[in-house]
Amino acid sequence: MIWLASLVVLLPFLGAFAGMLLGPSLTRLLGGRSGTDTPPLRNGPALIACLPIAVSLVLAAIVAFVAWQDVDERTGSLTLIETGSVLIEVGLQVDWLSAFVGLMVCCVALAVHVYSVAYLKGDRRYSSYAAFVSLFTAAMLLVVYSGDLLVLYAGWEVMGICSYFLIGHHWEDRANSRAAVKAFLVTRLGDVGFLLGVLVLGVGAGTFEIDEILRNVDELSAATATAATLLLLAGVAGKSAQFPLHTWLPDAMAGPTPISALIHAATMVAAGVYVVARLHEVFVEAPTSLVVLGVVAVVSMVGSALAALAQDDLKRVLAYSTISQLAVMAAGLAVGADTAAIFHLLTHGAFKALLFLSAGCVIVVAGSNMLAHYGGLRRGMPITFWSMTVGLAALAGVPPLSGWFSKDSVIEAAQHAALHGGESAVASAAVTPPGSTPGLYALDVDPDGQVVNLPGGVAWLVYLGLLLTVALTAAYAMRAWLMTFFGEQRGSYEIREPSRLMSWTVAVLAVPAAILGFFGLGAAELRPHVGAASVSFLLVVVGAGAAFLVWNGDPAADPARVLGRARPVFARAFYVDELYALVIVRPIRALARYVVTFDRRQVDAAVVGSGRGATWLGGRIRFPQNGNVQNYLTGLLAGVVVIVAGVVIFL
Amino acid sequence: MHLAYPTIVAALLFSVGVYGVLARRNAILVLMSVELMLNAVNLNLVTFDIWYRDRLHGGQVLTLFTIVIAAAEIGLGLAIVLLVYRNRRMVDVDRLRALAEDSTRPAALEAGPQPEPGGEKAGAVEEAAP
Amino acid sequence: MSGPEVVFTLLGVVAVGSAILVVTTRNLVHAALWLVVSFGALAGGYLVLTAEFVAWVQVLIYVGAVVVLLLFGIMLTRAPIGESTDLDSGNRWAAAAVAVATAAVLVTVMVMGFRDERMPLRDGGGSAEELGAAVFRTWVLPFEVLSVLLLASLIGAIVLSRSDIRARPESEARQGTRPDEEGGG
């Protein structure tokens, strides 16, 4: 089992290097020409990228199936590293959480790979792109399966650098490379906190083994737990794009669309939520961190949902919706519903990958990211239309699609926390299979399940924020749907399905996005409850209906116009970027400029000054050497006279 | 006769010659000053010859030789001055600055015609001119 | 102060005074003429010092030949015959300082070294007979070397002043000695 899991991680990792080194040669071997229209089966890098992921997918499915049948968690260590004080164990851990998230990652990665073959057809740097996607996937799988915090951190960092390379794939455009640098720097800012958190937690618990830490979580002092979790939250906020550090995500849309799908659905942003779920028991020990998490989640979800409402760019709509949905997961974690949060993570991975890939189809066909250039697309591209409809409906939470189930379970948990004085029973994560046939693997609530102590106010805040988000999500999903596929065509391009490789990938992805929710029926806490479900359904109808009514008034215009004065505020995401530019970027730039100036004026000046001084002195001294022989002779004779006079006087 | 008289006259004559060499601009005047210095030396030679009562008359013979050499020197010197004059149209020693770097050389000097065949010789001449 | 001393002092004053005029006058031709006076006075000084042959040689060569040569030089370089103000170069004051210092040092040394020395003046000490005997007995070898030197300088002067003698091509010139080098020696 552990060996299967390690193979799952290793295969894409090796595929990355093999693709980078051997991909183009393989293309030539198969008779294709690199850089041009090569059939997929003769595209060396594509084959080297797709096959290991496909094998990994099969293996991950086996792992997940085994984990589902037998819920015991398994850990295994591959090697031990002696560091003197704390033993570092390079080990993997497989339980239902990692098994299912890993399976989801493999699914999305494979879909992205297959899709990219068509999407990046003829790209010069396709082989390095495919290699980085593979490496990215491997890193995420390492995070998912790792049984040790330091191993997890390694995967975490590799993801950071891969995201940098992939977002900046088209680095010829200055904006893309800037977006890549921004993503890297912002997530790095969080990673500093994350590393410190890992160290605090590991040193506090005496081990970096996740299993061990969770087992001995009671022995952690409250201060250690709070400090560690707060520091970890910084990294989580960076990677999962939560409120203070969320600004990189919309800019990361500069990358190719499949990369957006990969980052948003499966890998990078999921990692943050995954880590919180993984260490949820530690978070439970630190109520302060949960409050912070909850507040951050509420701010992120409502704010980014409002921002999504006003975006002009289809991909940015999806980007803000990702922030919003991740905040929903974080909210679920904050109110103690970690199973529900992971469930939402899985369904979100499915429908967000679907959304991004179908958005990629739309972009390829329309040649633009702007919503204003679309319209009436449903006629020419039915596969994309229906797939995207499924995706948006799942995003909005329309029953019975996957998003409805998962979001409902989160809302239900939040409602429970709000109504019952901020206390909610937490099912022990380790023993909860998230899906099975009803009754067979019914939820096995841990008898001594921990209790999350969330202040009632925060719980209410989370609950109301979630409800508001549901309505807003429905509204912006409706708006994007209507503006893209209905009304009159607003551009001069031929509406047709993109290449079969792309449209069929999208169609296949639509299936899990639609039905994944039914798997949640197996667990009691994931089943829809009538109260919460009806409230949220009502809100969906309200949100979507409002968007439809506004759009119906003037199908040619943007429904966001009714936002009026608030629209630019939303469109600029509440000017957070501008605020950062003002508060952080500009002072740092000024400081950097000052440092440069100081260096030039003070440090360099000493060096340059001595050089100049020598030059000046040389110039002065050279002045007598002007070629006038009389001067030379005068000096010579004067010297002789002085010497003779000295001899005469002193001897 | 007191030895101080001729030696002091020689010293003063030599100093006047030094002044002339250092202060005069015209190359011919510089040559005259050199002659003054040579004569001061001659005077000293003669004086000490007589003071030593030299039986071989080394001082006076050397004076004769010096006079001969001075004649030869003035002939060569004048030839050089004439060559400089042919090349530069002037014989001002403080404007013959071929010893300096090119960058500091006043542009006025560049204007002077530099006959191509005599270039090398002229360079040797300029160094010997004063 | 004895008679020769008085005469020599007068002649010395004339020699030094006219020498000062040589280096200060503004007229080139006058400078050459003052040089004649100075050299003549010196020749007188030689006579007082009983070096009569040297005195006549001085008159013959210096006054007769050298000054004439200098006058020719003045003419050939088309120097201004009348007064001209730019005969002194810029470092006149430095030159004056060096000259005064030289004079001070030399006079001091001479006075300090030979304060009490007197020299015997006797007739015929520098006569043509005695000097001729010395030159052709004792100093005959330097005399011959000097004649070769004179010949070399003669050739050198000719080569330098004739404009129709061209420099040899570089390769050839490297093998043989160059005439102006000999002249310089």
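Cβ coordinates come from backbone N, Cα and C, glycine included.
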Feature transmembrane segment in TrEMBL, mapped to one of the ranges A:317-337, A:569-589: A:317-337
Where TrEMBL places transmembrane segment among the ranges A:383-402, A:603-622: A:383-402
Result, the transmembrane segment (A:100-119) in contact with the transmembrane segment (A:503-524) (3+ CB pairs under 8 Å): yes
Within-chain partners of the transmembrane segment (A:530-551) [C-beta distance under 8 Å, separation at least 6 from its ends]: 396-399, 404, 407-408, 411-412, 415, 467, 470-479, 482-483, 486-487, 559, 561-562
Tertiary contacts of the transmembrane segment (A:632-650), as residues 6+ beyond its ends and Cβ separation under 8 Å: 624
Leading contact stretch, A:46-68, A:126-144, A:289-310, A:383-402 vs the transmembrane segment (A:349-371) - CB distance under 8 Å: A:383-402
Among A:100-119, A:126-144, A:383-402, A:460-482, stretch most in contact with the transmembrane segment (A:289-310) (C-beta, under 8 angstroms): A:460-482
The domain 'NADH-Ubiquinone oxidoreductase (complex I) chain 5 N-terminal' (A:81-129) - residue tally per DSSP class, helix then strand then coil: 28 helix, 8 strand, 13 coil
Per Cβ pairs under 8 Å, the stretch of A:100-119, A:126-144, A:460-482 packing most closely against the transmembrane segment (A:383-402): A:460-482
Taken over the domain 'NADH-Ubiquinone oxidoreductase (complex I) chain 5 N-terminal' (A:81-129), the model's mean pLDDT: 79
